[in-house]
Amino acid sequence: MASLTENFLSPTSHLQTQPSNNQTFDVIPPHFKELWERWNIRGLILFSLSLQTFLILCAPLRKRTSRKFPIFLIWSAYLLADWTASFIVGLISSNQSKSDANVYLLAFWAPFLLLHLGGPDTITAFALEDNALWLRHLIGLIFQVVATVYVFIQTIPQNKLRVPAILMFLAGIIKYAERTRALYLASLGSFRASMLKEPDPGPDYAKLMEEFTCKKDAHLPTTIQLVNEPNQEWSPFTSTAKEGDLNQLEVVQYAFLYFNKFKGLIVDLIFSFKERNESRDFFLKRTPSDALKVIEVELNFIYEVLFTKVVVIHNLSGLIFRFISSCSVTVALVLFSRLDKTDFRKLDVRITYALLVGALALDFVSISMTVFSDWTIATLIKDDSILATFFEYLLWLKRQRVSVHKKSPFSGLKKLDTPRIFRRWRESVSQFNLIAYCLSERIPMDDSRNTSICCGCSFAWNKTVRLLRRTKDFVIDYLGAKEFFDDWKYVSRQPVFEKLWDLIFEEMLEKSKAAETVEITEEICSSRGSYVLKSMDLRSEIDIGELISDIDEVAFDESLMLWHIATELCYRDEQNTNTNVNDTGTTYREFSKLLSDYMLYLIVMLPSMMSAVAGIGEIRFRDTCAEAKKFFDRRRFSCTLDESKITKGCREILAVNVIDAKPVEVKGDKSKSVLFNGSLLARKLKKYNEKWEIMSKVWIEMLSYAASHCRPDQHAQQVSKGGELITMVWLLMAHFGLGGQFQISEGHARAKLRVHK
């Protein structure tokens, strides 16, 4: 009895007498624990190697597409690659307490993770902001090296893999240091500093004037004479602009030349009129096709400088370190193959071979990409060299290609259609339409029926649909996925047509020829459509002055939405007219529609890029959408979307009387909606037979205005997301000398004293 009492009162004995079921119950079954213990390091290190393979092969895809899903996959792999490698180092370190010989092999794997943390050559940064974090990567390099050394030291002196491990350790440090330096050089601060020239104090003014005064006092006939300085940056490509078409090799070489001259655009550097005139003279002699080819390659150079290791690799020191790294891996593989591996598990030996061969294979792919890159062609290949013929063939494979578009409404037009693997940008234009969005996005209103039964069923159905739509919208907003959802559902894409680029090029060409003075250049660059309207007014008998108020007297975002709505209303009003794209008027109409939808896509879907010109564009868009949805609801439009419904909706908007009382007089200015202001503009435009030429030229000027006023770093950011047509226009304008980045004067002379006899 006493013993029972003691057992009951004793806490420890009470715990010990609990049923054994508590001890056997486990959240994670023992089988899974054993599986994790066996495969955690092995599985993750193979996963890390797979991520490196995926990134080196697929990372270049992001400069060729703007679709969210492939970019999301690359982003996920980019983040997982670093996390996985760091995590495995910790796992290996925690397993060093085991006494079997296999821990030496696990320690040999640690340097491979430094290789993986160095990342592939094809991606160092996912976004420009990653480059600014170069210091964090430097600190990470130090800590990862210390952790790897710690793992390695724990196995000394018994480890017979010491020499291969040291070689892999050397290769890993080189690769990680390459990535850190690439991030540092691509950070905007360092990028800007690298392009600043040596300080130029100019002539010694004080000394010159002292000498001048002395000679004057000595009654010597002395004058100050300016002597032109020789051009110290002479290049065979800049002496005279080539006439005629460019071959594939010349396209790359000229693109590299102008990339080096104008890469300062990315960080808002100022250029001289000498550089402006040189570039302008070259592009004035180019065909639209050749100009586009040069700009495409130039854009590719910008991408590689900012988001890859190209700057680190394409120099003597980079090649030496890469040679050392590759040789280290090769020798490590040879040494490991000759070692006695009977003490190691066969599976781990196979994984080690996979890591060594994988490292060599990835190095081989990187070297191949380096050798056959545009950088090698631009810097090493001469027109008369033996290799020129081979690289001409390589460039012929990568050449820009066109095909005939077969889908309406652009059937018969030539479009850019380079195979995706050879593209330097995505070669497409995104489309987003306000009217289509409002018709599709509405939550259906309650509808009444003739009978009470139908009325009840309809009421219940509409309530259910409304609830489901609101739930869907809430979930999407809560998850922050609205941008992805809208891009998937509402954004379409059209190819870039040769004829569209020709129109843009010809407009920029005419403006470049007209921009002979500073005042004219400033007027052209600040115009948002009024310059072309005034030009058309001067050369024709039509008076289009009434349209200028819808451009100059409103903010840019308001003007853009006004013209977008007006373009859509006019386009749908003529839906069943001539659709032959070879007809000039029809071409203007289709391109007006295309540019209209593209500009709205930019201001709605890329607000960060358009932030410098967008104003309250997001508020104005939301208010306009709210009014459009309300308008369509009152007219009982269903939420199913097709072309006929959009046409009907546009004609309903046009039918509203906006003449007797303007929208602002009735609604006030609290709501920023411009739906019926756009309808009023459409009525004005319908009076002109040349309305589609007017609209197309206005849209091109709006595009050029936005291109020259967007922040340069945002242009650079988009290069890693497939590139944008607006960025191509930005570079074209810069090369035509249109923009505010050119300083007015530059001293090309030095002063010296001249004593007359």
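Glycine too: its Cβ is placed from the backbone N, Cα and C atoms.
Now, the feature entries from TrEMBL:
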REGION    1-22  region 'Disordered'
TRANSMEM  39-59  transmembrane segment
TRANSMEM  71-92  transmembrane segment
DOMAIN    75-437  domain 'DUF4220'
TRANSMEM  104-126  transmembrane segment
TRANSMEM  133-153  transmembrane segment
TRANSMEM  319-339  transmembrane segment
TRANSMEM  351-371  transmembrane segment
TRANSMEM  377-397  transmembrane segment
TRANSMEM  598-617  transmembrane segment
For this session: Return the stretch with the most CB pairs under 8 A relative to the transmembrane segment (104-126), choosing among 71-92, 133-153, 319-339, 351-371.
Result: 71-92
Problem set entry | Confidence summary for the domain 'DUF4220' (75-437), mean pLDDT rounded | 87
For this session: Six or more residues out from either end of the transmembrane segment (133-153), which same-chain residues have a Cβ under 8 Å from its Cβ atoms?
Result: 86, 89-90, 92-93, 96, 107, 110-111, 113-114, 117, 159, 165, 169, 172-173, 176-177, 179-180, 183-184, 187
